[in-house]
Amino acid sequence: MSTRQVKILARIRPLIDGEFADDGLRIERDSGKSFIIAKNPKIPTQVFSFPFTSCYGPESTQEEIFMDEVDPMLDIVYSGITVTIFAYGVTSSGKTHTMQGTKAQPGIIPRAVEAMFSRRTEDTELSVSYMEIYKDEVYDLLVERETASKLSVRENQHGKVFVANQLSIPIDSESDFNELYAEAIKRRSVASTNLNRASSRSHAVLTLNVKTQVNGAVTFGKLNLVDLAGSENNKLTGNDVSRMAESSAINKSLSVLGQVVHALNTGASRIPYRNSKLTRILQDALGGNSLGLLICNIAPTLKHRQDTINTLNFASRAKNIENKPVVNQRDPQTNTVVAVAPRLPTGPSLPSIPAPKAHAGPRPSIGLKQPSRVPRPSSVAGSGPLLRDIPERREPPLLTEQDIDARIAKAVEAEVARRLAEHERQQAERVRDAELLAQQGEASHRSSLAPAFNDQPPPTEAGSRSAGDDELRQRLQDLEDKLESGNAETRMVSDLSPVSRKKAGRAYVALARAQSEKNNLTLALELYRKAESYVPDNIKLKERIIEIEWAVKNGKAFNPSPKKPKKKGAKKNKKASWKASAGEAFVPAGPEAENEQENVGSPLRRSQKRGAGELQDHEAFATPILKRSRIEEEAEVEED
Ligand SMILES: Nc1ncnc2c1ncn2[C@@H]1O[C@H](COP(=O)(O)OP(=O)(O)OP(=O)(O)O)[C@@H](O)[C@H]1O
């Protein structure tokens, strides 16, 4: 089955009342490619460049975006494929304007309905469903708010997710739709915040279902139009308590969306769709069987800039997600709906599948049914076709808390082993070089190598630790080998408990920080990215990654942002805990891990006895052992 990447476009909205322009954000076009260029608001000399399939500036019109990006996808819907278009961005960046629009500037939803009707044939049946996900609960927006009960998200026997008992109302004309839609949008949860007078407090998913005939086969296409709630910075929104609760639900679900994208990008064997209703419902569009278009909405002002950079970073990752679109059609023999592979041209552009020819004659009226509170399983939107040939997602094996902790221990220790091996290899290389030069009688070269040797532990230390360390190295090597063989399992980060994830994340941050302090930025970046696999929703970590990526790309030094001022009493506590835990190791739980800790900790403890200067020699491989003096970033990991 051929795969298709999610298409990503960026749209910068114009300035609105009370906003001021600055030079920190612009679009650049070069050889047919477009980029959003954004300055880091904290360090203006850092300029980020984010590539997109297409970028639209403040002057762009609703019509332009619809005709260029959305209209071509409607033919695909008519061929029986599900297409999902979602608007993503911080609060007040223009998502609702893009999807819904205004009377004067209608957005994608009303335009898509008009275009869908213009394509119908006499065999076509169109229906609509509309739901919102508010505080991680699903409500039907086609039902009166007072009587709307929470809907549950279910999965059929083929792993297809659907919203049980959601209405799907047949529509016979645009005016049918407009009537329903006008009522439904009034039911959506909207409130005023400091950043947006009419801020969406929920994610809204409008679905247009199309049943039609293509070359004699009955097909079932679907267009999902998703207006996500915006991520919110509560320092800026000025939210009160009830708004904060909404905001926290919005941010949490968006954070899970980020985790899903991250897991898909890193090829994780388990994707955490189940961690929020939003990602469960969007599962088909994220690595599933539909085609995706993500509109990344961008607010132009400085106060949104940091959040905008995070949005852009999310979007650039999302473009690597691959879906396997299928045509949903009726099997005349069994009278069930089956998934068949579409005939898609290869290449990055979206497939253009010709729509069936419009029928010239008059079309019999389908007739508008009244909304009903009685569940109608046959018309439940999203219950979708039965996909016989889609392999079921394999459930990961059940893991005990002990298994999980043991795996973290292995993962971290493997990193230690890798660093140790690298350290030893470099040392051996230096010794070899020096011996070679000595043999050649090049005394001058030897003296010039002396400083390099001064960086290493004194020979006596090396000698004294050789037996124990050889054993340690062997054990770590064994662990690394084990890790390699079970690598697929360790990728199942989402199986870990939150505490275990944080532990592993902290360990990698400590390693990364040590490397960035030594200006080994490429390695630091690699380690920060590993940390991100464990704590993917840590915003500060993301910002750090973006900054180091920039420094690496531009060959610049990396200057970490200033450390946070210490909290009152923190110094005292820190001192006490440092004293109490001199050489305190990152302690993976579980008996096996405890034994390992004895060994992993020992070189560090010996080093500490030798004093601070010597301690640094071992930092390269001892950093997972968290030293109290350097855990500001780990604390940040915990805070988020
Ligand atoms: N392209 C545009 N042209 C003109 N005005 C726009 C445009 N995009 C957004 N706006 C205006 O900006 C404001 C914020 O837009 P909108 O409500 O669509 O943001 P949002 O991203 O949906 O916010 P939230 O996440 O808080 O719901 C609105 O007043 C809207 O009319």
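Counting begins at 1 with the first residue displayed.
The backbone N, Cα and C atoms fix where each Cβ goes, and this holds for glycine too.
TrEMBL entries are annotated by machine, without manual review.
The ATP binding site annotation in TrEMBL covers G89, V90, T91, S92, S93, G94, K95, T96. What TrEMBL lists as compositional bias 'Basic residues' is 563-577. Marked as compositional bias 'Basic and acidic residues' by TrEMBL: 611-620. Annotation source TrEMBL lists domain 'Kinesin motor' at 5-321. The annotation region 'Disordered' is assigned in TrEMBL to 343-402, 440-471, 556-640.
Only S92, S93, K95, of the binding-site residues V90, S92, S93, K95, place a Cβ under 6 Å from an atom of ligand 1.
Annotation for K95 (ATP binding site): spatial neighbours A87, Y88, G89, S200, D227, L228, G230, I295, N297, criterion Cβ-Cβ under 8 Å with sequence separation of six or more. Around the Cβ of V90 (ATP binding site), 25 further Cβ atoms fall within 10 Å across all displayed protein chains.
Each residue in the domain 'Kinesin motor' (5-321) has a pLDDT score, and their mean in this model is 87.
Comparing local CB density within 10 A for the binding-site residues G89, G94, the maximum falls on G89. Classification of G89 (ATP binding site) by DSSP places it in coil, neither helical nor stranded. Cβ-based neighbour count (10 Å, all protein chains) for S92 (ATP binding site) stands at 26.
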